[in-house]
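Notes to accompany the following structure.
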């Protein structure tokens, strides 16, 4: 690591944390209170609750799921409190001079590590390693999936009020879940409830901010000030929590930690930079509402923008000036607020020097640290060779749209634009020439619709890609090779609890065929028809470069009996294949965990003896359907994989729907590994077959 980067790292580590509202992180910070008995790991309680639900033990399901949620909250609280406690008790010492200059610093690091381990083990009632969970479980809790099971279990127990509360909590983080929305309406109608529903996982800083905006718009400025100030205290507290949680274990993408050949400082840098980037992006996390991908634009600065005028309206000009100057720390060139500053200064008594009024103290240290983090990350990216693009966390499109944007007495020219993105954005552009209408290559294939007829971009619908006999053969082999949850990280019902998902890859099919567990001819058909589909897509869209397989998957989804009444959820929610669809912002974010390297997609259907299961395209709002396609044997829909083609699958309400799903890439670096292995298996099989024909053995000679 370069000298300047190492020095910056030390400076950042030694920079005192911004002061918070509430308890301070001083030397006298009290130790977290010990737990009564060992804390049970929330992932085990969650698994037990789900198992109880599916076995019909609804009381047990409620008991374990509620315990899992309590354990999850308590674990988060313990980690945060221990981080605060150890930061106060074991401050990092600055390096000295001369031989062993770095030893005081690393000694302090080791002491803090020991403090953290001891604190967590004592409060958890055992080693912290017991509470490390899989990405799937972490994702379920982030998406509030336990509340989905809870609302169903509470309904079975005739506890309507608790079911309604759990359903609302789940829906707030999953606003696209139509079934849950309908459940809530049904619960309200049955219980005749008029009071607002409670979100059990509501973020206090967002709730207070929303309340502040509501009072501000009603010209109740005293109440608005109360809630905005409360929102800021809660924001800074939540920022501290977020940063503490970033200090947990990190993933090392380029190497396994124990097998690393990197030096001491490379290992330190790798881990610390991941922690630092996580902490730096807490501002995005705190500005993002549950279930949304994009943050509220200009979120933190808007608190001070609202406050500066609210304080002006109640006659507190010094505080108005402090808040206006705080806002300028984010947007120093905002002419409206610069004018406000001049206006507020003109209202001060003669005894007050305007130059002595500085920006809010609660923000100064926060912004200083944020800027230092940005400089360090940029420096490290250049010196250590990793890529990082600094987001514009405080983006603003002109402020708020209201008559109170500028105080009376200050010139107002032109209309203001609301700070939040409300308008519908145009679909994202594809970074290559768009063409279609190339040859279909094979006889008997029937062209059905093109992009224009399907009301979109880069779309095509074809029939007779498979014959009836091939469909039957593929359906038959599917029953012999498919495994529940295959391709979905073992999840039986990854998208909806009302259907069972089974899948298999080409390589698995060939392996089963080679072992004689399914007919080799049928396994080979799976391989051959996927290659046929690839050639058709490459030819029809007139691509100038080779189209490679990114992932090939045979999948069947089966409607579960007894769970189809009043269904209005989707078998597969609306999404895009290479970006994260954000319907509220009308955006599709091309960033992990999306498969950003995918360029084209295709679905080849094998049957139509089921109900529901229509494939649908929508606008980027994930609601407006632009095309609906009924699957049948031999039908293939293909389209470009980006945000220009949001799509999903309607609920399968009876029977089993089977298809071959194919994703393609134009980048050879992202070729499907199993496909390359399958190519090698096919080459061996072809060679063996050729050898048999070449020898031309007379069966009588074998006697």
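Even glycines carry a Cβ here, placed using N, Cα and C.
Record check: Swiss-Prot places 575, 577 at the Fe cation site, and the matching candidate among 553, 647 is 647. Sorted by the number of other CB atoms within 10 A, the glycosylation sites 444, 455 start with 444, the lowest. Long-range neighbours of the repeat 'TPR 2' (144-177) within the same chain, counting only residues 6 or more positions beyond its ends whose Cβ lies under 8 Å from a Cβ of the stretch, are 46, 49-50, 53, 58-59, 61-62, 65-66, 68-69, 183-184, 187-188, 190-191, 193, 197-202, 290-291, 497, 569, 573-574, 583-584, 622.
Residue pair residue 455 (N-linked glycosylation site) / residue 544 (N-linked glycosylation site) shows a Cα separation of 25 Å. Confidence annotation: the repeat 'TPR 2' (144-177) carries a mean pLDDT of 89 in the model. Look at residue 444 (N-linked glycosylation site): DSSP puts it in coil. Around the Cβ of residue 544 (N-linked glycosylation site), a 10 Å sphere holds 9 further Cβ atoms from the protein chains shown.
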